């Protein structure tokens, strides 16, 4: 298993890391084919114990993502930590212990949003805001739209959370500490000038830390988020898996689908426990089995691109193989051995509501053609028949949906906002029917290297409203597939992590 896959899945332990470093001492900050470092993967997937391990062994807390890529991602570790949903405060704390220089660095690919802006817009976590402000982040910095962290705080809908965030804008001072022109001058101007020169950057960091100490600005508390947040006990038996699934159902608000006495959860737990001894199942560690069981709570819908541009860069056969593998993993812990709902943008398919991986592969045995009306066909082929029609006729959703979208280009033959609008309309519709907005979750992934497609997805990444129910994967699927295709275990582990990301990261009531 590569260091990137191990960091992404949370399975990177110290013994394994030491072996990797013995073979390649400079791998810690190296990017994979998707432009992500091991630390970036650990932060993005909220693996706090791995974050701590990598930092302890010298991972650079300032190394941005995508420096080796044609598309400069530019997100810093602090930005990734700030937008994490569950473990964000702890991971921000771990980074701050390493005194990073990029606490307040704006991200050009994200409209020059700073980590503080992102934390307020995407998670509204007062603890994160407090950490960043005490580390020197500015609530008055402006992004490309002229928005500041203060303006974003004013827009937080929850009054109590809004108050806590605004209170956190004032740095914690030691008794007798003061605010004023000298502190502002030193922390904003002197340190800023020193930081612009590589030769003086280290001195700038020392000066900044010293000015905080002598002028009374308290450093972030090292006990704010305790160690027990790092790891959870892993399940082994069917009863363990049942308890784990009950926690997922409670934390993710899935009780409407799985009320007390529901037999499906017990069946999934038993299937997960049985998979541990299945010689054909490579995902057999406790954490992987727990992931398979969690995915089985959702009905998987695979929505693929069959536009003409898929003929380029060998995208079409790679998507076919990925679709087969994603189907195999998404349905592995389903106790009834049901397959995926499979849909294409341009081609009308029949009898594709229960396909296994081989059937998906066979369905893609043709040459793609046509445009990319991504949002239009999402509505026509998925939302209308599977969500709107049954609920409008008085029916119920049996399980929440996980819609996995793979595309290679920017939408065409429709308005470029159509996908966004359809996703948001679906989430609002669910609310009117008594469901949580994220009862239908979306995962958007890119295949190929189309520049306009990258820009389209980056724009969605800046849309706080749509990000409540849509998760955008960081990898280029075909590039990552090429890296891992010779290692079946790593490939499956990566795909499981991709399936789990929208389940674990999204949380919109």
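Note that Cβ sites are derived from N, Cα and C of the backbone, with glycine treated the same way.
Lifted from TrEMBL, the feature list:
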- 34-62: repeat 'ANK' (REPEAT)
- 111-144: repeat 'ANK' (REPEAT)
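Remote same-chain partners of the repeat 'ANK' (34-62), defined as residues 6 or more beyond its termini with a Cβ less than 8 Å from a stretch Cβ, comprise 3-4, 6-10, 12-14, 17, 21, 27-28, 68-69, 71, 73, 75-78, 80-81, 84-88, 90-91, 94-95, 97-102, 229-231, 474-476, 479-480, 497, 501, 504-505. Across the range of the repeat 'ANK' (34-62), the DSSP-based residue counts are 16 helix, 0 strand, 13 coil.
When DSSP labels each residue, the repeat 'ANK' (111-144) comes out as 17 helix, 1 strand, 16 coil, counted as helix, strand and coil in that order.
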